[in-house]
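Single-structure report; data block below.
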Amino acid sequence: MSATGLLREVEGFADHLLLERGRSPHTVRAYTADLTALAEHLEAAGATEWRQVTLSDLRSFAARRAAAGLARSTLARGTASQRTFFGWMVATERLVVDPSARLVSPRVEKRLPAVLRAEQAAQLVEGGGTRPEPRATGGAGDPGGDTQTDTDTDTDAAPGTEADPVSLATDLRDRAVLELLYATGIRVGELVSLDTGAVSLQDHTVRVWGKGSKERVVPFGVPALRALEEWVHQGRPELLGARSGEALFLGVRGGRIDPREVRRVVHRAAQRVEGAADIGPHGLRHSAATHMVDAGADIRSVQELLGHASLATTQVYTHVSVERLREAFDRSHPRA
């Protein structure tokens, strides 16, 4: 069995992750990339079948990747990929012995997530979309999108000029994106996959499909509601195209907005806030959770809102809040 044969099992495993275990396409791509690299390493070492692989081979592969300067988090994910893969191989009787059973994952340093102060978050979402008065005339931009996701080009109007309808629409979209991210703490992948039917403007809720295809309903407040109403009724119609379908958020060519564009929207908004960390969508998620804990929300409610499978994942925000209290104490208490 050649490397092509080794990869055949990887392809079957990828189908298992996607179809049977409900893992996200992003996770499947990451695991597949890890296992493809492993298969190529094994072929170079002379292996032609998975049953030939030993713990020593896996350690050699890990050492090679570490020497190449890969981050500890990447190495840890690679170990997780191998354990899951070989566990599946044994469970489906493709292998008798799991060579990864005693494979040790590198320790990943746990860093407290960067968060905005509440006033910074307010400035970020409120300044995320500049909305000049719309013109009475003017056509929409090119609605045609060739892909399922859509990345914007520069649509900002020059200083002193009247913004075109597409720029006005993207301003409304960006404001709605920022308000919804901060109000709900949803992940960027969850946001871009939203369809119009997932949002209830009447109930102030959004229905989200999270990791593992788990569904949850998350509430949002009045500022997010107003931003969404303006986007849905005024902005989105300007960007509608043949590829729009039911996608809630659209790019300038009419396709479903790309996660990279959402990240750019958040980064641009953060740069406008003095003293703010250069955060992305996940930073807004961290900030939303931390501000809720700061205000007294119980950790289990925050867990449900964020869609965390484990309470331990959510508890990092209690550590963030304690750390912020400690910093305030050190700065201001005369006996610190």
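Keep in mind that glycine also has a Cβ here, set from the backbone N, Cα and C atoms.
According to TrEMBL, the feature domain 'Core-binding (CB)' maps to 4-90. Residues annotated as region 'Disordered' in TrEMBL: 123-168. Summarising the annotation, TrEMBL assigns domain 'Tyr recombinase' to 147-330. Marked as compositional bias 'Low complexity' by TrEMBL: 156-165. Summarising the annotation, TrEMBL assigns active site to Arg187, Lys211, His282, Arg285, His308. Per TrEMBL, the feature active site, O-(3'-phospho-DNA)-tyrosine intermediate maps to Tyr317.
Neighbour density at the Cβ, taken as the number of other Cβ atoms within 10 Å, is lowest among the active-site residues Lys211, His308 for Lys211. Comparing local CB density within 10 A for the active-site residues Arg187, His282, the maximum falls on Arg187. Checking the active-site residues (Arg187, Lys211, His308) against His282 (active site) with a 10 Å Cα-Cα cut-off leaves Arg187. Of the candidate active-site residues, Arg187, Lys211, Arg285, the one lying closest to His308 (active site) when CA atoms are compared is Lys211. The distance from the Cα of Arg187 (active site) to the Cα of Arg285 (active site) comes to 7 Å. Mapped onto three states, the DSSP output places Lys211 (active site) in helix.
A separation of roughly 15 Å, to the nearest angstrom, links the Cα atoms of Arg285 (active site) and Lys211 (active site). In the three-state DSSP classification, His282 (active site) falls within a helix.
Following the DSSP three-state reduction, the secondary structure of Arg187 (active site) is coil.
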